[in-house]
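As recorded in Swiss-Prot:
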type	residues	note
ACT_SITE	HIS48	active site, proton acceptor
ACT_SITE	GLU75	active site, proton acceptor
ACT_SITE	HIS196	active site, proton donor
BINDING	ASN12, ARG23, GLY197, GLY218, HIS219	3-amino-2-oxopropyl phosphate binding site
BINDING	ASP14, HIS15, ARG50, HIS55, THR105	1-deoxy-D-xylulose 5-phosphate binding site
SITE	GLU156	site 'Transition state stabilizer'
Amino acid sequence: MTHSNRMLLGVNIDHVATLRQARGTRYPDPVKAALDAEEAGADGITVHLREDRRHIQERDVVLLKDVLQTRMNFEMGVTEEMMAFAEKIRPAHICLVPETRQELTTEGGLDVAGQEARIKAAVERLARTGAEVSLFIDADERQIEASRRVGAPAIELHTGRYADAETPTEVAEELKRIVEGVAFGVGHGLIVNAGHGLHYHNVEAVAAIKGINELNIGHALVAHALFVGFKAAVAEMKALIVAASR
């Protein structure tokens with residue numbers, strides 16, 4: 001989550017909370033998952049507190065802020081409620097993500113270019129908490145330029161279209177978009193992270209891209225953990241990223 005010469009792994013624990021909320025139980029505990037992830041080599045922990053509270057709850061975020069040994073990457077929509085909460089929690093990293101249809105691009109990233117004044121105000125306000133603010137956007141030059149204009153020091157490129165690509169041609173096209181987006185972002189002085197839909201069979205090509213600071217991965221880790229345990233799932237992903245990014 002901080003700029004590094006080696007590629008970092010941010011572990012998203014949202015779907016541990018999804019499993020808990022499915023039955024309204026106290027288990028499985030996303031905080032325990034976060035601590036296990038750190039032990040297994042995670043460089044940071046990502047959580048998304050959604051307006052509908054479908055997985056992570058405020059209490060999870062408060063507890064994580066107190067116990068994490070790495071850093072929290074707090075994903076949030078651009079709302080007054082979330083801004084006030086972030087100001088109270090003061091996470092090390094904040095990533096602004098789309099939550100409503102109006103904020104989405106067709107690909108699924110935040111439409112920064114279409115709402116620059118609103119995003120600029122949010123970035124400036126959140127930066128005053130001391131957080132490094134990033135924007136979850138498509139690997140699109142227009143959105144990357146807008147991200148720089150609004151003052152965000154970092155971006156997270158949306159890798160969902162690459163993850164969803166089915167034919168070798170589509171995969172190559174989407175990977176090329178990411179490669180070009182990374183180069184364009186780095187060229188504009190931005191810290192470039194990436195994530196969404198990455199799993200054990202598609203992560204290596206993205207991890208091999210020079211210039212990416214961190215990959216944020218969640219659902220694939222939680223799914224694999226059902227069979228191998230959470231620490232092993234994280235360690236396996238970390239090893240893939242380290243090997244591919246050498």
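The backbone N, Cα and C atoms fix where each Cβ goes, glycine too.
On a predicted model such as this, the values are computed, not experimentally measured, just so you know.
Annotated features taken from Swiss-Prot, shown on the structure.
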residue : record                                      : contacts (Cβ under 8 Å, 6+ apart)
ASN12   : 3-amino-2-oxopropyl phosphate binding site  : ILE45, THR46, VAL47, HIS48, GLY195, ASN216, ILE217, GLY218, HIS219, LEU221
HIS15   : 1-deoxy-D-xylulose 5-phosphate binding site : HIS55, GLY218, HIS219, VAL222, ALA223
ARG23   : 3-amino-2-oxopropyl phosphate binding site  : none
ARG50   : 1-deoxy-D-xylulose 5-phosphate binding site : ILE56, GLY77, GLU99
GLU75   : active site, proton acceptor                : THR46, VAL47, HIS48, LEU49, ILE94, CYS95, LEU96, VAL97, PHE136
GLU156  : site 'Transition state stabilizer'          : CYS95, SER134, LEU135, PHE136, ILE137, VAL192, ASN193, ALA194, GLY195, ASN216
HIS196  : active site, proton donor                   : GLY108, PHE136, HIS158, THR159, GLY160, ALA163, ASN216
GLY197  : 3-amino-2-oxopropyl phosphate binding site  : THR159, GLY160, TYR162, ALA163, ASP164, HIS219
Exercise for the section: Please report the DSSP secondary structure of HIS55 (1-deoxy-D-xylulose 5-phosphate binding site), reduced to three states. Expected result: coil
Handout entry: DSSP state at HIS219 (3-amino-2-oxopropyl phosphate binding site), helix/strand/coil
Key = helix
Completion exercise
GLY218 (3-amino-2-oxopropyl phosphate binding site) has its Cβ surrounded, within 10 angstroms, by a count of other Cβ atoms equal to 22
Exercise for the section: Could you say whether, by DSSP, GLY197 (3-amino-2-oxopropyl phosphate binding site) belongs to a helix, a strand or a coil region? Expected result: coil
Exercise for the section: Determine, from DSSP, whether HIS15 (1-deoxy-D-xylulose 5-phosphate binding site) sits in helix, strand or coil. Expected result: helix
Problem - Span of ASN12, ARG23, GLY197, GLY218, HIS219 around 3-amino-2-oxopropyl phosphate - largest C-alpha separation, Å - result: 25
Handout entry: Number of Cβ atoms other than its own within 10 Å, given for HIS48 (active site, proton acceptor)
Key = 22
Problem - Around the Cβ of HIS55 (1-deoxy-D-xylulose 5-phosphate binding site), the count of other Cβ atoms that are within 10 Å - result: 21
Handout entry: ARG50 (1-deoxy-D-xylulose 5-phosphate binding site) - helix vs strand vs coil (DSSP)
Key = coil
Exercise for the section: Counting Cβ neighbours within 10 Å across all chains shown, tell me which of the binding-site residues ASP14, HIS219 comes out on top. Expected result: ASP14
